[in-house]
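Per TrEMBL, the feature transmembrane segment maps to 7-31, 65-85, 97-115, 127-151, 163-184, 204-225, 251-280, 292-311, 323-340.
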C-alpha cells in the first residue's frame, strides 16, 4: 500500500476507536465518556471503584458493549464481503444485498424460525444459535451460486443480468418471507420482523460467542485475497495467464463472503447498502488496490455501522429506529450516484 493509503487506514482506525468509545455512553441512559473509561478501568481492575455504580456498570457491560462489539463485527463483515464480491464481479454495483445474498440468508433464517417447533426442536436444543447461523449460511450460499450461474456468459459475469437476477431473488425471498409473516404466531412475527428490518438490539455475550468465530474466520481469510482480486481486475483471461486458479479463487471468495454475510444476517437481520457504500467510499479516498480496499472496508464498515447504530438508538430515544432503515437512507443516494456515474 502507498503512504496515502496507510495514512487513510490509520485515520479510519483512530476514528473507529473514538466512535466506539463514545457510542458506549450514548442512548436512553447517558454515560459520559470519562465515566465509560472509568468503568472499563474498574472492570479490568486497573482503577479503584469510585462509588456505587452498579447501574451504569450493568448498562455498559450487559447492554452497550455487546451491542457495539456486534456492530463492529457485522460492519466489518459486510464491508469486506462487499469489497470481495465487487472484486470478483469486477463492478462497484455488486453488493450482498443487491444481488440477493442477504435476502437469501434472511429467508432461510426466517424458515428455521417458522418451522423450528415442528422440524428442528431436537436440533435446536443441541445446536442452539448455530442452527440459525447454518441456515443463514446455506441461504446465502445458494443465492450466491444461483446469481453467479445466471449471470455468467462466456466465462464472464454480465453485470446487468446479475442485478436483474438479484432483483428477482430479492422479490422471491420477500414473497416467501411475507408468507411466513402472514402465517407466523405472535412470537414468531416479532422475530421475523427483526430479520426484515435489521437491528443490533439482540446482542448478548452468548450470541456473540457463537457468531464471532463465524465472522472473524472468513473475514480474516478474505483480507489475503487482495493480490488475486487485483489480478481479477485485469480480467479472468489475464489472471489465468498469470497462473492463477480463477475458479478456485471465485469459489473461496464466494464461500467466505457468504459465511460472513450469513452469520451477520443470523444475528442482526438484513442490513443493506453497507457492502455497497463502504468499498466505493474507500476507493474514492485512496484508490482501487484491493489490498487497501479490503483493509479499508473492514475498518470503515465497522465505523459506518457503529455510527448508524448510534443514530438508530438516539434519534428518537428512548425508542429505537431499525438500523436497516438508517443504512438504507444513507446508501440509496450513494447507489443512485454510482448508477449515474457509471452511465
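Quick reminder: no glycine exception, Cβ is built from N, Cα and C everywhere.
Tertiary proximity for the transmembrane segment (65-85) is limited to same-chain residues at least six positions away from its ends with a CB under 8 Å from its CB atoms, namely 16, 20, 23-24, 94-96, 99, 101, 200-201, 203-205, 207-208, 211-212, 215-216, 218-219, 222-223, 225, 229, 253-254, 256-257, 260-261, 263-264, 267-268, 271, 274-276, 278-279, 282, 290, 293-294, 297-306, 309. Among residues of the same chain six or more beyond the transmembrane segment (323-340), those with a C-beta under 8 A of the stretch's C-beta atoms are 92-93, 98, 196-200, 268-274, 276-277, 280-281, 304-305, 308-309, 311-312. Within the same chain, residues 1-2, 5, 8-9, 12-13, 15-16, 19-20, 22-23, 26, 67-68, 71-80, 82-84, 87, 200, 219, 222-223, 225-226, 229, 271, 274-275, 277-279, 281-283, 285-286, 321, 323, 326-327, 330 sit at least 6 positions outside the transmembrane segment (292-311) and bring their C-beta atoms closer than 8 Å to a C-beta of that stretch. Counting same-chain residues at least six beyond the ends of the transmembrane segment (251-280), those with a Cβ under 8 angstroms from any Cβ of the stretch are 70, 73-75, 77-88, 92-93, 95-98, 101-103, 105-106, 109, 129, 132-133, 135-141, 143-145, 148, 194-200, 202-203, 207-208, 211, 214-215, 217-219, 221-222, 225, 228-229, 293, 297, 300-301, 304-305, 323-324, 327-328, 330-332, 334-335, 338.
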